Amino acid sequence: MDDEMEGGNLGPYQDRPRTFPSMKSKAYAPWIFRVLMRINSRVLLVLLLVCFGAIFYIGASTSPILVFVFSVCIISFFVSIYLTKWVLAKDEGPPEMSEISDAIRDGAEGFFRTQYGTISKMALLLGLVILGIYLFRNITPQQELSGLGRVTSAYITVAAFLFGALCSGVAGYVGMWVSVRANVRVSSAARRSAREALQIAVRAGGFSALVVVGMAVMGVAILYAILYVWFGVDSTGTMKATDLPLLLVGYGFGASFVALFAQLGGGIFTKAADVGADLVGKVEQGIPEDDPRNPAVIADLVGDNVGDCAARGADLFESIAAEIISAMILGGTMAQRCKIEDPSGFILFPLVVHSFDLVISSVGIFSIRNKRDSGVIGTIEDPMKTLEKGYSVTIFLAILTFGLSTRWLLYTEQAPTAWLNFALCGLVGIVTAYVFVWISKYYTDYKYEPVRTLALASTTGHGTNIIAGVSLGLESTALPVLVISLAIVSAFWLGRTSGLTDEAGIPTGGLFGTAVATMGMLSTAAYVLTMDMFGPIADNAGGIVEMSQQPESVREITDVLDAVGNTTKATTKGFAIGSAALASFLLFSAYMDEVAAFAQEPFKQVDIAIPEVFVGGLLGSMLIFLFSAWACAAVGRTAQEVVNEVRRQFIERPGIMDYKEKPDYGRCVSIVASASLKEMIKPGALAIISPTVVGVLFRILGYYTGHPLLGAKVVASMLMFATVSGILMALFLNTAGGAWDNAKKYIETGALGGKGSDTHKAAVTGDTVGDPFKDTAGPSLHVLIKMLATITLVMAPIFL
């Protein structure tokens, strides 16, 4: 190949040899996996049995409910292992496909190693800061009575924080590990059957989803059980079970911390490479997407894995962990106020719901089976319909298992029909999730009017495309907000009328009703993540097919899968935003409960008519806009470097366009890797530092003005306004970006002039504008608002 390139003897595009320059490097795996792989298989089996035995022992010592949770999680891990073996048993296709896949895998794993090395150092530093704060903070009277001192509380919180960060990192690695191995197998399967390619992509995404959700549930359950046994909870003179969930907030903070930086770094990487590749390759040079002549193509394909797979795995892990912990806190608080004899059902209910999620999502994944088809696009079933059938199966089973869970765990003699109200709250959440998915699909799928209208706007130029995309994104915020509002009010009302009251006869189930609705919305999270992971795997498969010069019929199959993947990514982002809105409401309520516990006085309202509190709200809204600006600017600056590098290579190596010279793919990978690691620091630091600084400053001001709770009130206002602004901004960014992308895909099907036309070039411009919206700033925002809530939970004592 080298001799042919040097001699300029390569034939035209269609006739040239299907080879690819080797970019292989030493395979990378995290140290924990390298250690495990060196252990003898029999010794490893014994160690696993010992670990399982210890887990079941502490589970049985805590509650039979945890034994059920551990059993389901372990079974789901075995199911995920089966899915892995099934996917890896598929062939990798011809050598040119394997070589491209190896290059993508090496680039993704190399960036992952560097990125998570940086994140781990920052996590350790922040752990030391948390330790110092907790050693000098106050503790609640309940904790003091139970013998939990400052030192013990500090070390537990830091350990939980680091454990949550570690689990979130592993979740991210699992998401990337499967995607970089499944992509080439999907490409190979597309040569035979569209349905087989779809099944491989879904099962690869299913493996990641089951592991991520299982780890989130298992991590919280293990931490809870260990603390329960260690403190001898509910024994005379010890901590009560209702107070224990407050010790888990560090776990959620650790997960949020890693997810935010993973999403920022991965999003900057993938979209800077994508924008650079599209602007020079498609617009300036007129070459197809994923063309091997484009020097940025490998960086673009690597970015799909580190941005859309690794980051999304950490993101969903954080979402589930935060929702579980906040619901446990609210369930324990309500059980304590209602004087329920055995509060374990209300506290552990979220763990059971997500355990059933693993079961029903597995059924949904296996419901997508391979059927014979001709491999011709016109004769195969629409992949989106196939995925929707699996989602419908999952939704139906979720309704059944949710009702079973509420009757099992939330039945109490004090209010015999309360479980039915909470079951209806769960149904509200499940319906909300389904409606959110449908709304996102309507605004981002090119089968519907909004995206086709956007594509039509491209016929009159670049400017009208941008105007139409912005207006579509702004409009798309209306329906989701109405749905969220209706869900919160409905769930709160159902919970409030459940019959559970405190000693004064005041209804207390409202907030727990919203918590149950959030659980209902996330009760199909594993299947939703499966659909999300499907997108980047299909995208990578299309790139491998293009670069290895497969027949046009194969590329048509991967194009259809890629377009569906764009829609599933957009719909799952809408799902994530909706769940983030409900979860943030729970975390906000948990924060107010925690402040009341530390201050020993009621803290149920935040009066924004107080000037300082109103200022806190303004700062929260400003934080959202400033964070979004910095995230988008980071993509823009990095993309400029990529554009300049790609232009330089085309000028200095004119033989690239005739396949007489090799592009320097590694240079573009290096540029986006180093820049994304540098650029993720500033917006991430803004998110971490802002609420702490604001709370401390207004606490000092409140001390001198005679308002002891001013710091806590200002932070509450900041959190409230940031949540509202963040939800709206994330909806706008994600939907507009997804619509721009699929408008381009619609034109590439041959509509309105097809590839290479002026209409297509205008659509490419819109797509590049939307890239940082939908894959960097938008996804990072819904992580940000949950991380702000977990930070305030962890730091609440220093605001008083």
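Placed from the backbone N, Cα and C atoms, the Cβ positions cover glycine too.
Keep in mind that what you see is a predicted model, and the values were worked out from it rather than measured.
Features as listed in TrEMBL:
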TRANSMEM  43-60  transmembrane segment
TRANSMEM  66-88  transmembrane segment
TRANSMEM  119-136  transmembrane segment
TRANSMEM  156-180  transmembrane segment
TRANSMEM  200-232  transmembrane segment
TRANSMEM  346-368  transmembrane segment
TRANSMEM  418-439  transmembrane segment
TRANSMEM  477-494  transmembrane segment
TRANSMEM  506-529  transmembrane segment
TRANSMEM  574-592  transmembrane segment
TRANSMEM  613-636  transmembrane segment
TRANSMEM  714-733  transmembrane segment
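Against the transmembrane segment (418-439), stretch 506-529 shows more Cβ pairs under 8 Å than any other of 156-180, 346-368, 506-529, 574-592, 613-636.
Contact between the transmembrane segment (506-529) and the transmembrane segment (200-232) is supported by 3 or more Cβ pairs under 8 Å, counting only residues 6 or more apart in sequence. Proximity of the transmembrane segment (66-88) to the transmembrane segment (200-232) is established through 3 or more Cβ-Cβ distances under 8 Å for residue pairs spaced 6 or more apart.
Against the transmembrane segment (346-368), stretch 200-232 shows more Cβ pairs under 8 Å than any other of 43-60, 200-232, 613-636, 714-733. Within its own chain, the transmembrane segment (477-494) has Cβ neighbours under 8 Å at 421-422, 424-425, 428-429, 432, 435-436, 439, 510-511, 513-514, 516-517, 521, 574, 577-578, 581-582, 585, 727-728, 731-732, 735, counting only residues six or more beyond its boundaries. Only sequence-distant pairs (6 or more apart) were considered; of these, fewer than three Cβ pairs between the transmembrane segment (200-232) and the transmembrane segment (574-592) are under 8 A, so the stretches are not in contact. For the transmembrane segment (156-180), the residues of the chain that approach it from at least six positions outside its boundaries are 30, 32, 84, 87, 101, 104-105, 108-109, 112, 116, 119-120, 123-124, 126-127, 130-131, 134, 204-205, 207-208, 211-212, 215-216, 219, 223, 227, 247-255, 257-259, 262, 304-306, 309-314, 316-318, 321, 533, 536-537, 540, 794, judged by C-beta separation under 8 angstroms.
Long-range neighbours of the transmembrane segment (574-592) within the same chain, counting only residues 6 or more positions beyond its ends whose Cβ lies under 8 Å from a Cβ of the stretch, are 315-316, 319, 322-323, 326-327, 329-330, 429, 432-433, 436-437, 439-440, 480, 483-484, 487-488, 511, 514-515, 517-518, 521-522, 525, 528, 603-604, 716, 719-720, 723, 727, 730-731, 734-735, 779, 782-783, 785-786, 789-790, 792-793, 796.
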